[in-house]
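Asker: Quick one: the structure is below, and I'll ask about it shortly.
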Amino acid sequence: MSEFKSDFLHTLSERGFIHQTSDDAGLDQLFRTETVTAYIGFDPTAASLHAGGLIQIMMLHWLQATGHRPISLMGGGTGMVGDPSFKDEARQLMTPETIAANIASIKTVFSNYLRYGDGPKDALMINNADWLLGINYLEFLRDVGRHFSVNRMLSFDSVKMRLEREQSLSFLEFNYMILQAYDFVELYERTGCRLQMGGSDQWGNIVNGIDLGHRMGTPQLYALTSPLLTTASGAKMGKSLSGAVWLNPDMLGPYEFWQYWRNTEDADVARFLKLYTTLPMAEINRLSKLGGSEINEVKKVLATEVTAMLHGRAAAEQAAETARKTFEEGALAENLPSVEVPAPELESGLGLLTLLVRAGLAASNGEARRHVQGGAVRINDDQVSDERRVIGSGDVTGDGVIKLSLGKKKHLLVRPV
């Protein structure tokens, strides 16, 4: 559909969120005439979501901002199975205790983007364990399982890929798409939910839910998927050279999060402003026209706006100021990430390679050695070329810390304790 008339779909379309819908015209009409309830599922595979999942949270944010009701569905039940979609092998099964702990940790992020409550447009957080854990297997087979064609399930790309590669697909995993389809019907029965959204890799699972709803007598249900994003150079969103870009502040602080977005490739800046900030389109269009050295200022705007939504405006501005002092003034910014080292250990002397690994700037002594040999390591802004260098209490500055740097963009403070 060339142009949506409903606020929600128009907003998503102009900002680049829409990859595919099950019925452009029907869904647009639904949003123009009703307050729509829609959901996205989040499986608790880790204690935090990472930046790759932020596009889904932003879709829920815009749903509520345009007057509709979002549901963030926690996969307490489906997480016990694991989504096999486009995976080369089965996920390692998690214990119920791990799943519960991950959900408790994950859900803290959502209130930064959504308003939860009891009102008709307030967001809901629901756990599919509420209905999946109590299912009677024989009744489920009779009432739900009979509506699924194995022939059709085998035709979905996510399944076909595993089979064509002769990679094992367990019966447990094969059931995941049935459970996800059932979630859609159950959410309609409980909340009147008519739309499921997700990444484009979820298309088959979502369409299964629409078909199941049709066979079980629900009104027309709908699907909307977003593109699977990569950076301009082909890297996965939410991954950096240092690892996953976590959303939970106890797993990645505001400064490191800000830096991830500040380091966005030039070709991605305009696209990311549309997807990950709430800046008006007119302002985004203005910023997108800037080039040359001004693109770096636009990247700072991007980093600050994205960080402000997750960590709050004060933390975002503090991260920006820390970066400014570090990179533009060369000053020692007290809000840089830090690692604590026992003072007696420093007094005895700590090997540089060991410190680089402990600080998370290298994964191994071998990698640390390559960084030193490549001239990338500095202590208190002085380049270090000797991999046998020992760091001691004499390296502690008047500020009571040691500044450890890797390249131009990674800095942290070593604090004796």
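Each Cβ is built from the backbone N, Cα and C atoms, and glycine gets one as well.
Take a look at what Swiss-Prot says about it:
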- TYR39, TYR176, GLN180: L-tyrosine binding site (BINDING)
- 44-53: motif ''HIGH' region' (MOTIF)
- 236-240: motif ''KMSKS' region' (MOTIF)
- LYS239: ATP binding site (BINDING)
- 350-417: domain 'S4 RNA-binding' (DOMAIN)
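How buried are these features, and what lies next to them?
Answerer: Counting every protein chain shown, the Cβ of GLN180 (L-tyrosine binding site) has 28 other Cβ atoms within 10 Å. Taken residue by residue with DSSP, GLN180 (L-tyrosine binding site) is part of a helix.
This prediction places the mean pLDDT of the motif ''HIGH' region' (44-53) at 92.
In sequence order, HIS50, GLY52, VAL245 make up the list of same-chain residues 6 or more apart from LYS239 (ATP binding site) whose Cβ falls under 8 Å from its Cβ. Classification of LYS239 (ATP binding site) by DSSP places it within a strand.
As a summary of secondary structure, the domain 'S4 RNA-binding' (350-417) carries 19 helix, 21 strand, 28 coil according to DSSP.
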Asker: Tell me, how many other CB atoms lie within 10 A of the CB of TYR176 (L-tyrosine binding site), whichever protein chain they belong to?
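Answerer: Summing over all protein chains shown, TYR176 (L-tyrosine binding site) has 21 other Cβ atoms within 10 Å.
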Asker: Looking at Cβ-Cβ distances, which residues of the chain lie under 8 angstroms from TYR39 (L-tyrosine binding site) while being 6 or more apart from it?
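Answerer: TYR39 (L-tyrosine binding site) has long-range Cβ partners PRO70, ILE71, SER72, LEU73, ILE126, LEU187, CYS193, LEU195, GLN196, MET197.
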Asker: DSSP on the motif ''HIGH' region' (44-53): how many residues come out helix, how many strand, how many coil?
Answerer: 3 helix, 1 strand, 6 coil
Asker: Please give the L-tyrosine site's span as the largest CA-CA distance among TYR39, TYR176, GLN180, to the nearest whole angstrom.
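Answerer: Answer in Å: the longest Cα-Cα distance is 17.
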